[in-house]
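Shown next, in structure tokens, is the structure this report addresses.
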Amino acid sequence: MAASQTSQTVASHVPFADLCSTLERIQKSKGRAEKIRHFREFLDSWRKFHDAFHKNQKDVTDSFYPAMRLILPQLERERMAYGIKETMLAKLYIELLNLPRDGKDALKLLNYRTPTGTHGDAGDFAMIAYFVLKPRCLQKGSLTIQQVNDLLDSIASNNSAKRKDLIKKSLLQLITQSSALEQKWLIRMIIKDLKLGVSQQTIFSVFHSDAVELHNVTTDLEKVCRQLHDPSVGLSDISITLFSAFKPMLAAIADIEHIEKDMKHQSFYIETKLDGERMQMHKDGDVYKYFSRNGYNYTDQFGASPTEGSLTPFIHNAFKTDIQICILDGEMMAYNPNTQTFMQKGTKFDIKRMVEDSDLQTCYCVFDVLMVNNKKLGHETLRKRYEILSSIFTPIPGRIEIVQKTQAHTKNEVIDALNEAIDKREEGIMIKQPLSIYKPDKRGEGWLKIKPEYVSGLMDELDILIVGGYWGKGSRGGMMSHFLCAVAEKPPPGEKPSVFHTLSRVGSGCTMKELYDLGLKLAKYWKPFHKKAPPSSILCGTEKPEVYIEPCNSVIVQIKAAEIVPSDMYKTGCTLRFPRIEKIRDDKEWHECMTLDDLEQLRGKASGKLASKHFYVGGDDEPQEKKRKAAPKMKKVIGIIEHLKAPNLTNVNKISNIFEDVEFCVMSGTDSQPKPDLENRIAEFGGYIVQNPGPDTYCVIAGSKNIRVKNIILSNKHDVVKPAWLLECFKTKSFVPWQPHFMIHMCPSTKEHFAREYDCYGDSYFVDTDLNQLKEVFSGIKNSNEQTPEEMASLIADLEYRYSWDCSPLSMFRRHTVYLDLYAVINDLSTKNEGTRLAIKALELRFHGAKVVSCLAEGVSHVIIGEDHSRIADFKAFRRTFKRKFKILKESWITDSIDKCELQEENQYLI
């Protein structure tokens, strides 16, 4: 029966190879429009086949879902985890293909992140597997999309059942029935990273105009594909529904200096930013469901009914008797009943997996309500939702509580609240507009957040030593993407440290250029780390690096982090939470790094929190350490860290969608169009703004080449474009194609595209050129004083051949170098015979492309003789001394060739 139902789907008839070839074309396409075209073609063909296949059927549930769940595997919620990552896949491939464990191909798979210099695919396991599998696989697979999904379902369910033997069996079926190209995409689907270069929002928008919004309120791919199968039919009501996970509303990073403006100079709410797990609760009588911010179902942990789970039995009776249905949004926290305090997420527990005999208990801290008794509240103001929230349940301390808020009006009240949060060791504060409505998956639509680490000068920083490294993958393939850092054991007086204890792994905070430069600086010192024979100077916990560096060859990095938390993974017994590299301490020697004693002192200073200063505003004030009167040695500028600042786009009204789903990074503007103006205009046309370019950034806009722009150009990862291109787009209200005069720098793929479309001077091969464009092209051509017209002859001949102009009569002598017998003494220019017919022939030769010379030398191809034959013997004597022999012809060869519009056979005119 199941097989019969399966055969009634489109997916059971569409070859998996067709999907893979489409994905391959999408990935290889440069522009967004071309990527969309390939996806749309596949989608349209699916829909046409679907309509024909189900022509006379009613209530059809078959949809695009089987393909969509493979195209967007990161959004998959129905299928359980595969339990497979790159290393596990490598071991399975080695076993299933019976590869020699120490063989070249096995080592390639196991060490996929280590650069080899062959294909440049370091860090991309799927590509490396492709080259290993290519000689061992079918040319074309036989699996359908339905069969692939069935096998992936089998892998997921057997992983849950811990049946490794059945996992191998399913993988063997995939390997033996699919090509290397198909397996490349299968691997990416299993790892849930397709690297298509196109966002899920773009895929959704092509599928249906309502798809993004429906997915935001359901996080259900199957529901999106089934309800929106017909692109011409929209949904009248797209809103949060009971027992469907929605994407929660998010907060943007706030700039304290602009807080009053961001809140439109009206009163606002301040709440504590809780350090737990964002969770939504759906309730219908005795039935409960819990979903994380990413739509994962945690009902089994927290309880589907009043008789089960770590939370539901304790809160069920807290709800008012008239509350049958509700949807709540809040933070799941771990509560210590002995100390009556909430635990921070960095400590050793996982709220989603707490066991019953734990000393901690689950507490749900609620800050919003989206539905009560079937009444949807998403379009109500936050003030109204708060009023309703207070009437839904009776708070139970340590089990279910309402997040307390205070009403504020000024920046100083925000500063006081932030300083209080620092004193209480809290994560930060939230700022919310009372009139804001709930917008799923939207960031900064009336909600803002402030954490101490967002504000420069409030955090203690650590100077620690790099002792190990990890090869990157994806865009960081082939370079060190993360570093293992350590602190020193305090040495005896007068000596340098010799033993280092690992503390943390860090990789964020660096640009690609900085990572590359740092890796280059240390490149010659890296050594493979052997777990069985580790270096005596570096003591590790369970976290081991892939390569290590002798401390004396390394550098110190300055690290900023939120706090120091316990950890068994590092030798120090603790690690850093949210670490990022601030800078490389070139001013310090390797032995001047932090010691274990320094670390313990810092750890005990504020219960591990690294925010130990208060925020002050005005005059020469600066962040001050709590309970200390001495000012810090170095002044620190107060404000949001520059690269985290985002433009204030709250008052921007969208006027066009030409930049929809396009990400820009504006580095600088022009005098007439400064950076903020360009960013506002981009937002008006539907674009996104980032302050640092990433893998999804379409291009970097630069009005001048400052140091940041030069670094981006050096990285060769991004296209850098003049603001003039943006202004042209704004003027025409269209996505104007790039032209050479718009470009400051082109990444390799763009250069390749332009080479196919334009010549080296920027003139298009295919698009008609107007007068202004031609003037612009000519103005960019540098004058060359070195080349004479004669020296240009070879270049002109090549051009004529390329464009098939070489058959023109005006080009017939182009490749000939001719000496005419115009001189009484050969090569003596003072003996020229004036007024002869040969002088006219010289002009005719030049007109028809020949190079006419006045000196008989190596390289001459023809000598032309007139009526006077007295110097023929001299010419023949000259010819015997030349490596390349020239021909001596009658002048009639020129006349006859011109008269007949083609070169005549030379042998008839030889002398």
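Think of each number as a place in line: the chain as shown, counted from 1.
Placed from the backbone N, Cα and C atoms, the Cβ positions cover glycine too.
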**Item:** region 'Required for catalytic activity' per Swiss-Prot - which of 71-81, 368-378, 610-620
**Value:** 610-620
**Prompt:** Relative to the Cβ position of Arg278 (ATP binding site), how many further Cβ atoms are located within 10 Å?
**Reply:** 15
**Message:** Please list the DSSP helix, strand and coil residue counts for the domain 'BRCT 2' (808-911).
**Reply:** 38 helix, 18 strand, 48 coil
**Complete:** Counting other CB atoms within 10 Å of each candidate's CB, the least crowded of the binding-site residues Glu271, Glu331, Glu427 is Glu271
**Neighbour tally for Lys449 (ATP binding site), based on other Cβ positions within 10 Å of its Cβ** = 20
**Message:** I want to check the contact list for Lys273 (ATP binding site): same chain, sequence separation of six or more, C-beta distance under 8 angstroms. What comes out?
**Reply:** Ala421, Glu426, Glu427, Gly428, Ile429, Met430, Lys449, Ile450, Lys451
**Request:** Take every residue in the domain 'BRCT 1' (654-743), average their pLDDT values, and give the whole-number result.
**Result:** 88
**Request:** Taking helix as H, G and I and strand as E and B in DSSP, count the residues of the domain 'BRCT 1' (654-743) in helix, strand and coil.
**Result:** 32 helix, 15 strand, 43 coil
**Prompt:** Glu271 (ATP binding site) to Glu331 (Mg(2+) 1 binding site): how many Å between their Cα atoms?
**Reply:** 13
**Between Arg278 (ATP binding site) and Glu331 (Mg(2+) 1 binding site): CA-CA distance (Å)** = 5
